[in-house]
Amino acid sequence: MTEYVGQYVAPTGKLAIVVSRFNDVITSKLVAGAMDTLTRHEVSPADVDIVWVPGAFEIPGMTRRLLASNKYQGIMTLGTVIRGETSHYEYVCNEVAKGVGQLALTSDVPVLFGVLTTDTLEQAQQRAGGKAGNKGSDVAADVLELIDLNRALQV
Ligand SMILES: Nc1c(NC[C@H](O)[C@H](O)[C@H](O)CO)[nH]c(=O)[nH]c1=O
Ligand SMILES: CC(=O)[C@@H](O)COP(=O)(O)O
């Protein structure tokens with residue numbers, strides 16, 4: 001039996017973070033968490049491109065463009081969608097999740113989903129460095145793991 005588990009090691013190539021400016025009081029903390037985790041695992045900041053888009057809805061499109069550039073070994077998507085008074089929340093969340101999910105499914109380059117979808121600002125704050133951790137840190141570790149796993153499997 002052979003078991004494969006990716007390790008948290010710095011890849012040889014570049015990484016990208018696609019992050020939305022909407023709710024940037026939160027998304028900036030997600031980026032900070034991601035960069036903290038990446039640098040703790042010896043990823044050079046020079047090897048990370050951070051691309052800011054207006055809102056979460058724009059994340060899939062920009063991610064698709066970065067994938068097409070063939071510049072990156074892995075892409076993390078970060079955003080924060082907080083429920084408002086109308087059904088807009090559902091449409092934004094559904095399209096972002098569907099778009100990023102489709103890219104993750106069809107790309108050989110790991111694409112990670114780090115978009116918070118919360119009912120309240122407090123819930124988002126708790127997941128951006130509060131008691132529920134930092135989603136940016138989570139997806140940073142995940143992208144390192146997936147890149148290394150693909151390397152080990154030679155896929
Ligand atoms: N309400 C939130 C949005 N809305 C904006 C959309 O994401 C998009 O930028 C706009 O519809 C133009 O296409 N975006 C978030 O990231 N978070 C929200 O809570
Ligand atoms: C998630 C959203 O788009 C949300 O901020 C919009 O708020 P509202 O539904 O009150 O217009």
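Note: Cβ is positioned from N, Cα and C throughout, glycine not excepted.
Predicted automatically and left uncurated, TrEMBL annotations should be read as such.
For Phe22, Ala56, Phe57, Glu58, Thr80, Val81, Ile82, Phe113, the entry in TrEMBL reads 5-amino-6-(D-ribitylamino)uracil binding site. Per TrEMBL, the feature (2S)-2-hydroxy-3-oxobutyl phosphate binding site maps to Glu85, Thr86, Arg127. According to TrEMBL, the feature active site, proton donor maps to His88.
In the vicinity of ligand 1, defined as a Cβ distance under 6 Å, the following of the binding-site residues Phe22, Ala56, Thr86 are placed: Phe22, Ala56.
Taking every pair among Phe22, Ala56, Phe57, Glu58, Thr80, Val81, Ile82, Phe113, the residues listed as contacting 5-amino-6-(D-ribitylamino)uracil, the largest Cα to Cα separation comes to 16 Å. Sequence-distant neighbours of Val81 (5-amino-6-(D-ribitylamino)uracil binding site) (same chain, 6+ apart, CB under 8 A from its CB) are Phe22, Asn23, Ala56, Tyr89, Val92, Cys93, Val96, Val115, Leu116, Thr117, Thr118. Of the candidate binding-site residues, Phe57, Glu58, Phe113, the one lying closest to Glu85 ((2S)-2-hydroxy-3-oxobutyl phosphate binding site) when CA atoms are compared is Phe57. Note on proximity: of the recorded positions Thr86, His88, Arg127, the one nearest Phe113 (5-amino-6-(D-ribitylamino)uracil binding site) is Arg127, by Cα distance. Taken in sequence order, the binding-site residues Phe22, Glu58, Thr80, Glu85, Phe113, Arg127 that lie near ligand 2, meaning a CB under 6 Å from one of its atoms, are Glu85. The (2S)-2-hydroxy-3-oxobutyl phosphate-binding residues named in the record, Glu85, Thr86, Arg127, extend over a maximum Cα to Cα distance of 23 Å. Within the set of binding-site residues (Glu58, Glu85), the lowest number of other Cβ atoms found within 10 Å of a Cβ is recorded at Glu85. Across the binding-site residues listed here (Ala56, Ile82), the residue whose Cβ sits among the most other Cβ atoms within 10 Å is Ala56.
The number of other CB atoms found within 10 A of the CB of Phe22 (5-amino-6-(D-ribitylamino)uracil binding site), across every protein chain shown, is 18. Counting only residues at least six positions away in the same chain, the Cβ atoms of Val92, Glu95, Val96 sit under 8 Å from the Cβ of Phe57 (5-amino-6-(D-ribitylamino)uracil binding site).
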